[in-house]
């Protein structure tokens, strides 16, 4: 890469935008459930950092991302306080809509980086891909479990984890074909994000399981 | 043992059957909750591998079972796809009934092996027994939490964790009495599985807590 | 300190009282949900040991508290059996009321010790404070998740995690001001416990988030 500085800044910007989108998804969910100030902060934090933390526990990596960059925790607190002061119910729907795009970029980046971290530990491809899926989805899963809902990622029939799954395999494919890890990360992330964006734009849904529905 | 090869094949067959039973329990629960394809795979995976993974996180063991044997993850995916294609609602009840027996065998095997892994780290008996109970039950507990239910293992008054608990103490007893670890594993597993089978056949239920019920 | 023996006995007494209060909170919740004997023991165990265990998993500390002191697990089992034999529904409300005070002391002790353990690993202040909050609150969070409720700590608008948060910062402040770790622990714990006690006595509640309520 000709300009590694520029690239790493771009990656950091995507990461920050995506973490913000994840945190806001938790914040809005907590607000809808009428949680108190503590609940808002904890659910936003789970949504933002839960997936990466679970990945690091499973891969036995320390320190966690939010330990090395502990100013992100401050950012989360500031975000929650600001939201409680300024965010009104009429802002919820437009905020969620606007957050779809940084969220899609985060889906790509987090799943690709999760996959690549696992590959770096010489884990098998299927495990690495699942680590990417876990990184991208389990923040939302934990957010919904704490809020006493069946996780959206498991039931809304819109492709999300599937995009991470495909992006992970593409990353492995191009990396084995000889691409450098940095470029492979970009290709994998772009695939997952692109698929997600296409799904959002087209309104595509995963096929229903007829058997579950036919008798109930 | 005269034929270690035969024994390890038998253990592997029990393990595969039990993992299949656990995965199917997650799959059926996901189908009942009308989850999408991603939800079916993740819940089946949690049910199959969640208990052993939690045990390994607590015991700080790496790599996980499903990392060493990553083809089991492929098996899980194939199982889920096959189920979504071929399993109809009318198959659910008979599938669940047929799965009781491999599930009971898995209860014994997983709790006994969990107990023995903890003993191998020189943990106290009560801790080792709880590790066995966690291995055998937490897949189902996580499955039910994700599906937004109070876990069956905690409320259905049928002995399940209790069988694992007793089997674990029997294992510790016979191992301290001088039995080889391999035989102690078999005795402990047979005890837990046998108790579960007896409970299934007799319809025995755990005593109710009168105090919780009497006023509400 | 002139009498370290006396101090460590006092700390142990507070710890035992608080663990008892946490375990009883799980036990009463399980009884209300009509769980069976296994459910009562597991939910009481999660409430008592869940927060500290999650902290140790995140900090990668082994062995767990309940492994080193495995007789506490026996204590838990004895407590659950005794409660199922002797605790009647009419005892529930007075038990809960009496447990508020050891629980408040446990809030202080566990959050301060969690914060100090994290500081001992040279983690940043904000991370250490969050570890204290997690230690003090996640037992209750896990208890409520398993019982299929939105965790009380996130929605009851009474300050609990907030007391742990403030106590953690006070601990860090006085320790950086030169106080010995033992005294800093006491000051931090007393701050958190005192704030909690003041909140209990005054009936203070956290401010509502108006935006979540105004349209629903």
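Placed from the backbone N, Cα and C atoms, the Cβ positions cover glycine too.
Feature annotation from TrEMBL assigns domain 'Glycine transporter' to B:14-86, B:101-174. The annotation transmembrane segment is assigned in TrEMBL to B:6-28, B:35-52, B:72-89, B:125-146, B:158-177, B:183-206.
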Subject >> Region pair the transmembrane segment (B:125-146) / the transmembrane segment (B:158-177), three or more CB pairs under 8 Å >> reply: yes
Original post:
When each of B:6-28, B:35-52, B:158-177, B:183-206 is checked against the transmembrane segment (B:72-89) for Cβ pairs under 8 Å, which one has the most?
Top reply: B:35-52
Subject >> Remote residues contacting the transmembrane segment (B:6-28) - C-beta distance under 8 A, at least 6 residues beyond either end >> reply: 40, 43-49, 51, 72, 76, 79-80, 83, 87, 92, 95-96, 99, 102-103, 105-107, 109-110, 139-140, 143, 182
**OP:** Work out, from DSSP, the number of helix, strand and coil residues along the domain 'Glycine transporter' (B:14-86).
**Re:** 62 helix, 0 strand, 11 coil
Subject >> For the domain 'Glycine transporter' (B:101-174), mean pLDDT (0 to 100) >> reply: 93
